[in-house]
Amino acid sequence: MSDSSAGAALAAKHLPPAAGAGKPYDFSRKYWVFAVPATVIILAVIVFPWVFTVFMSVQDWKIGGGTEFVGLENFRTLAQDQRFRDSLWITLWFTVLAVVAPIVLGTFAALVFHREFPFRGILRTVFVMPMMATPVAVSLVWKMMFHPQLGVLNYLLSLVGIPPSAWVFSPDTVIPTLVMVEVWHWTPLVMLIVLGGLAGLPKEPYESAVIDGANEWHMFRFITLPLLWPYIMIALVIRTIDALKVFDIIFVISEGGPGTASETLNIFLYLQAFQFYKIGYASAVVVIFFFIIVMLSLLLLYVRQKSKWNA
Amino acid sequence: MSDYHRTPLSRRALLKAGAGVSALGVLGAPAIVSRANAQSKFDWKRYAGEKIDVMMVKNPRADLLQQAEKEFFDLTGITVSSEQIPEQQQRQKAMIEFSSGRPTFDVTFLALHVQKRLSYKGKWTEDLRPYINNPEMTSPDFDLADFGAAGMNFATQADGAINTLPQFVDFWMLYYNKDIFQKKGVEYPKSMDEIVTAAAKLNDPANGINGFVSRGLKNANIPVWTSWLLGQGLETIDPKTGKLNTDGAEAIWAAELYRKLNKDYAPPGTIGFNWNECQTSFMQGRAAMWLDGIGFATPLEDPTKSKIVGKVGYGITPPGPKAHHSAIFADGIGIAQASKKKGAAWYYIQWACNKANQLAMLKAGAGSPARMSPFSNPEGTKSAMFPKDYFECMSGSGKIGRPGLPQIIPVTEFRDIFGVALTNTLSGADVASELKKATEAFKPVLEKSEQG
C-alpha cells in the first residue's frame, strides 16, 4: 500500500464522511414536509398556469361567451392565419437584429472600457444608464424624437445634410428603428457581462503570446475571443429570450404598425387576448410561443455547454 | 318620463289653484308647501350611509367629478369610492369583471361606441327606465328631455332599453389654421370635395406646411374613413339591416378620399400617426387642416403647448355628396346589474349627469356634454379659452351626429381588420380589393358574434 492510500484509509476510518459521500438518500416521510412550500409554489405559479393554458388552447372560449372543446382547431386555424405567420417572421427578424447588434457593440464597448483611460469610470456609468431607464418611459421619449415633421432626429440629420427618415412611421424602416431603440437600451447589459468576463481572464496566455510575437489582433482573435466565448454565450441567451419576448417598446412606439409591419408574436397575442378577448385562440399562440422559446433556449444552452473553457 | 311629471297643467287648473291659494290666505300656505313636498316623494338622503364603488375612465371629466364628490356626499350622505383607469385597461377590466358575474364596482363608465352592444348582450348594466320613471327615485329637476338626441340615441338599445345615461359626446370635426387659410386666400371648404381642393392649395411642404393631417395608424384611422362615408349617407354597417356597407361604391369613394388626403397632402409618415402625432403637427402650425374629435381641442389653445393659440378655426365636418353628418362617439354611465346598491348608484348617476356638472364640463373645456342646456347657458359658452365657433361647432355637430363606429359587438375586430386595409392603401394597395378582402375577413366574425 502506498503512503497516499494508507492515509486515505486512515482518514476514512477516523474522519466524518463528506456530505452525501457514500450515504444513500433518505426518502423517509419525516422530511417530506420541508418540500411542501416549494412544491406548492411551483405547482401554483408554474405548473397550474401552464396546464391551464394548454387546456384553454383546445377550447373555443371568448370572454363573455361560453366555452366549447374544439380539439386542435385553434392550432389548425393558426397555421392558416397569414397574420400569425407574418408575425412569426417579424419576431424572428427582430430577434436576430436585436441580438446580434447588442452582442457585437456590447463586446466592443467592453473591450474599450476594459482599458485604462481618463474619465473611464464616469463614461462607463453614462454608458450603462439607458439600461436603468423604464422601457415605457424611454419609448415615449423615442416616439417623440421619431416624429417625421417635428422630431429631433430628423433635425439632426438635416444638420449634416442627410434627408429625413420616416423612422417608425414607415413599414420599411419600422423594424430597424425599433431595433435601434432596443440596441440603445440593452447594449450596456452585454457590455457589463463581457466586462466581467474580461476582468477574470488569465494573464499568462497574453505574456506567452507577446513572447511569441503575436500582434493585438492575433491576441484578440486567438486568446481573448475564445476565452470570452462562455460570457458572450450567457449574454446571447439572455438577449435572445428578451428579444423574443419584447412587448413594451413595440407596443408604445408603433403599436405593431404601420399596418402590421411590426406586429411581433407578442403583439399579435395581446390583440387576440386583450382586444378581441379570444382566450382559446390566444392560448394556442402561447403554447406555440412557449415551444419556440424552449427550443431556442435548449439550442443555446447546448452551444453554451460546448463553449466552456474545459470542453 | 313618468305620468306624474307629464301631467299637463291646464289654464283652468291654474286659475283654480290661484283662487284656492287666495282663499287660504297666508295661514294656509305652510300646509300647502308641506303637502307639495310630500307629493314630490323624492329624497336625496334616502340612501345616506351607503358606500358605492365607481369605475371611471382616466380623463379630465373624471377629474371634475372626483373633485366634486364631497358635494355629492353633502347632498346624499352616500360615500363614493372612485377609481380612474386608463381607457384600454378600463375596458379590459369591465369585460373581465362583468364576465365573472361579480364586478367590484356599482357604477361604471362605458364607451358606448365600443361597448354598447357588448354590454347589452352581456347584461352588464341595468335598464335605467324604471328608475327614471319612478318619481321616488328621480329628482324632479332631472329633465331627461335635456339630453341631446346624439347622446340618447347612443345610449338607447334597439328595444328601447336605456342601459347607460350619456355623459359625454365627442364630435368629429375639422380643425383649421385660420392664419394659413388667410395667407393662401382659401375659404373654409363647403363640401368634402372642397377639402381636397383646399388641401392642394394649402399644401406647402417646401415651407414645412402640409394641407391636411389625419390618423393613418390602423384601428385609430377608422373614424376618418367613416366620417367620409357618412357624407354618402351611409354607416359602415346598416343599423337596421346589419348589412355591411364596407366594399360598395360609397365605401370605396370614402377610402379613396382617405387615401388621397393622407397620401398627397399629409406630412410624411402619417401611415403611423395616431391622434397625438396629428395634434402635434397641427399645434405646431405644420398642418392647415386636421380632422378629429373636438375633445382634443384644449391643448391647441394652451400657449405653453401650442404655436397657434387664437388662430384655430373649429369647423363642422363639411357635407358629402349625399348627406351631411358628423361622426359621433359617446361615453355613458351605468349601474352594474350585480350591484347590491343600485339605488345609491342611480343617485350618483343622476348627480354626475345633472345640469350643473354638465355645465362644469363645458366650462372647463373637458369635452362636449350630453345635455343641451349647457350650450344655451351664457355661462357655459363664455370661455376665456375657446372662441365662439368652438361652441357653435359642438352644438351644430350635435344636430347632425351619427355614430362613427358600427354598433356591433366585435367593434375592435372591425377597427383592426379595416384599419389594416386602409393602412395598406397608403402603402399603394388597391382600395377596392383591400376593402373587399377586409369585408370577406370580417363577415364571419360579425356572424359569429351575433350567434354566440
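Placed from the backbone N, Cα and C atoms, the Cβ positions cover glycine too.
Where the annotation comes from TrEMBL, it is an automatic prediction and has not been curated.
Copied over from TrEMBL, here are the features:
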DOMAIN    A:88-300  domain 'ABC transmembrane type-1'
TRANSMEM  A:31-52  transmembrane segment
TRANSMEM  A:88-113  transmembrane segment
TRANSMEM  A:125-145  transmembrane segment
TRANSMEM  A:152-171  transmembrane segment
TRANSMEM  A:183-201  transmembrane segment
TRANSMEM  A:222-241  transmembrane segment
TRANSMEM  A:279-303  transmembrane segment
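Comparing A:31-52, A:125-145, A:183-201, A:222-241, A:279-303 for CB pairs under 8 angstroms to the transmembrane segment (A:88-113), the maximum falls on A:183-201. Residues of the same chain lying 6 or more positions beyond the ends of the transmembrane segment (A:183-201) and with a Cβ under 8 Å from any Cβ of it are 98, 101-103, 105-107, 109-111, 113-114, 127-131, 133, 135, 138, 224, 227-228, 230-232, 234-235, 238-239, 242, 249. Sequence-distant neighbours of the transmembrane segment (A:125-145) (same chain, 6+ residues past either end, Cβ-Cβ under 8 Å): 109, 113, 151-153, 168, 181, 184-189, 191-192, 248-249, 252-253.
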